[in-house]
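**Student:** According to Swiss-Prot, the region 'Pyrophosphorylase' annotation covers 1-230, on the basis of sequence analysis. According to Swiss-Prot, the feature UDP-N-acetyl-alpha-D-glucosamine binding site maps to 10-13, LYS24, GLN75, 80-81, 102-104, GLY140, GLU155, ASN170, ASN228, ARG334, LYS352, TYR367, ASN378. Here Swiss-Prot flags ASP104, ASN228 as Mg(2+) binding site. Look at Swiss-Prot and you will find 231-251 tagged as region 'Linker', backed by sequence analysis. The annotation region 'N-acetyltransferase' is assigned in Swiss-Prot to 252-459 on the grounds of sequence analysis. Look at Swiss-Prot and you will find HIS364 tagged as active site, proton acceptor, backed by sequence analysis. Marked as acetyl-CoA binding site by Swiss-Prot on the basis of sequence analysis: ALA381, ASN387, TYR388, SER406, ALA424, ARG441.
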Amino acid sequence: MTTPTSILILAAGQGTRMRSSLPKVLQPLAGRPLLSHVLDTARSLDPHRLVVVYGHGGDRVREAFPEDDIRWVHQAEQRGTGHAVQVALPETDADDRVLILYGDVPLVRGETVRRLLAQLDEGGDLVILTAALKSPTGYGRILRDDSGRVQRIVEEKDASDSERRVNEVNTGIMAARASDFTRWLSKVTNDNAQGEFYLTDCVALANTEGRRVEAVVGHEAIELMGVNDKRQLAEQERAYQRREAERLMVQGVTVIDPARLDVRGEVEAGRDVSLDINVILQGSVKLGEGAKVGAGCVIIDSEIGPGAHILPHTVIEGAVIGAGASVGPFARIRPGTHTDSNAKIGNFVEVKNARVGEGSKINHLSYVGDSELGRDVNIGAGTITCNYDGANKHKTIIGDRAFIGSNTALVAPLTVGEGATIGAGTTLNKDAPPGELTVARAKAITIPGWKRPVKKPKE
């Protein structure tokens with residue numbers, strides 16, 4: 001039987017180097033708070049207990065994560081990582097495996113920490129996660145004896161010159177039994193340069209007891225690095241986006257430039273999808289096989305059908321785009337929109353909460369809102385559905401094969417029948433019968449001899 005795992009996430013730091021009123025763990029990475037990414041990793045391990053230690057910006061942090069699987073522990077005074085773990089341990093059972101994660105280390109992978117827990121199960125009493133860095137400045141150093149065994153961790157402020165030359169660093173992530181952490185932390189003092197209770201002192205205490213201290217070296221240094229300022233936040237953002245681009249490319253997606261793709265949610269993509277530069281995919285996005293997304297497009301919580309073509313600089317939110325449809329360039333598709341197969345929405349068109357039938361076209365310079373269009377409808381340039389009367393929204397229904405002339409205003413609620421034609425320049429405020437031409441247009445008048453006004457001479 002597997003020993004239950006409790007995961008403690010330390011998220012109480014103030015993050016002064018961020019120079020922000022937003023608590024550090026709420027800073028956005030790929031459109032979500034740093035802490036959200038760590039919680040995803042923690043939940044992938046199916047923990048017995050999930051405990052978050054919070055402090056700075058307490059209520060804001062808790063309100064951002066209302067999920068009921070989190071146990072919140074308040075660290076009123078930030079007295080170091082050892083103290084943070086100490087206040088959280090009462091939420092665990094004595095025999096639990098306890099894994100320590102950090103709210104500002106967002107890219108750690110589930111498989112990496114599984115290696116840590118496996119080492120604990122194989123006989124380690126304390127297992128720490130380390131990284132080898134070319135530039136280890138700012139991190140605690142891992143000190144080993146001549147046989148390679150970990151002896152202790154020294155924080156940079158307390159390290160000698162020779163110790164600072166060590167490039168294997170502590171990530172802070174570690175695992176041990178709850179009862180062992182409780183015993184070791186009861187012996188930790190704050191006799192150090194920062195006057196804090198260091199969690200890392202557990203390494204030396206475990207060695208003093210003759211316990212087995214193991215180190216697992218992370219494969220990818222960036223996933224183990226913390227975020228302390230906006231520069232590091234930007235570095236982590238790029239690392240996350242590289243990871244997402246690689247994941248998509250492995251699945252058969254063509255990413256024109258992996259450095260210019262932003263994924264801010266969950267993306268499912270079929271084979272032979274193509275993503276041009278500066279595309280942003282946000283929320284839950286599904287891209288059907290062979291779909292093409294042009295440069296500068298933003299797609300939010302939407303589904304793009306197989307073979308659909310989204311032309312450059314189009315924004316799509318909360319919509320379903322049918323197979324083979326074409327949208328853009330410079331189109332805006334708002335929530336509630338559903339286009340059927342082979343529909344076409346062209347440049348400078350806005351569509352909101354509308355159904356656009358198979359093969360229908362809204363080619364340019366139009367607004368279609370709260371509407372239902374049948375098959376093979378043609379909407380001329382400059383057509384506006386007048387859906388709002390100042391208090392309520394009203395629906396426009398346009399039947400199959402209807403033709404709406406340019407510069408037409410459709411004052412909802414109304415229905416345009418199948419095969420009807422609406423003459424250009426019409427303001428339509430009543431239903432139009434099927435198969436007939438309906439026109440509402442003032443007669444053109446020519447005024448003989450009319451002259452333009454002459455400007456008065458300047459005084």
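Cβ coordinates are placed from backbone N, Cα and C, and glycine is handled just like the others.
Burial and contacts for the listed features, if you can.
**Tutor:** The Cβ neighbour count for GLY13 (UDP-N-acetyl-alpha-D-glucosamine binding site), using a 10 Å radius over every protein chain in view, is 24.
Under 8 Å, Cβ to Cβ, and six or more positions away along its own chain, ASN228 (Mg(2+) binding site) finds GLY15, ARG17, MET18, LYS24, ASP104, GLY138.
Summarising model confidence by region, the region 'Linker' (231-251) averages a pLDDT of 97.
Reduced to three states, the DSSP call for HIS364 (active site, proton acceptor) is strand. A 10 Å cutoff on Cβ-Cβ distances gives HIS364 (active site, proton acceptor) a total of 18 other Cβ atoms nearby, all chains included.
There are 16 other CB atoms within 10 A of the CB of ALA424 (acetyl-CoA binding site), with all protein chains counted. DSSP gives ALA424 (acetyl-CoA binding site) a coil state; it is part of no helix or strand.
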**Student:** Which state, by DSSP, holds GLY103 (UDP-N-acetyl-alpha-D-glucosamine binding site): helix, strand or coil?
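**Tutor:** Note: GLY103 (UDP-N-acetyl-alpha-D-glucosamine binding site) is coil by DSSP, not helix or strand.
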**Student:** GLU155 (UDP-N-acetyl-alpha-D-glucosamine binding site) to ALA381 (acetyl-CoA binding site): how many Å between their Cα atoms?
**Tutor:** 68
**Student:** Say you check the Cα of ASN378 (UDP-N-acetyl-alpha-D-glucosamine binding site) against those of the binding-site residues ASN387, TYR388, SER406, ALA424, ARG441; which is nearest?
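**Tutor:** Ranked by Cα distance from ASN378 (UDP-N-acetyl-alpha-D-glucosamine binding site), first place goes to SER406.
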**Student:** Rounded to an integer, what is the Cα-Cα distance in Å between GLY80 (UDP-N-acetyl-alpha-D-glucosamine binding site) and ALA381 (acetyl-CoA binding site)?
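**Tutor:** With the alpha carbons as reference points, the distance is 65 Å.
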**Student:** For the acetyl-CoA binding residues given in the record (ALA381, ASN387, TYR388, SER406, ALA424, ARG441), what is the largest pairwise C-alpha separation in angstrom?
**Tutor:** 22
**Student:** So if I draw a 10 Å sphere around the Cβ of ARG441 (acetyl-CoA binding site), how many other Cβ atoms end up inside it?
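**Tutor:** Taking every protein chain into account, the count is 12.
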**Student:** How does the region 'Linker' (231-251) divide up by DSSP, counting helix, then strand, then coil residues?
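**Tutor:** Across the region 'Linker' (231-251), DSSP assigns the residues as follows: 20 helix, 0 strand, 1 coil.
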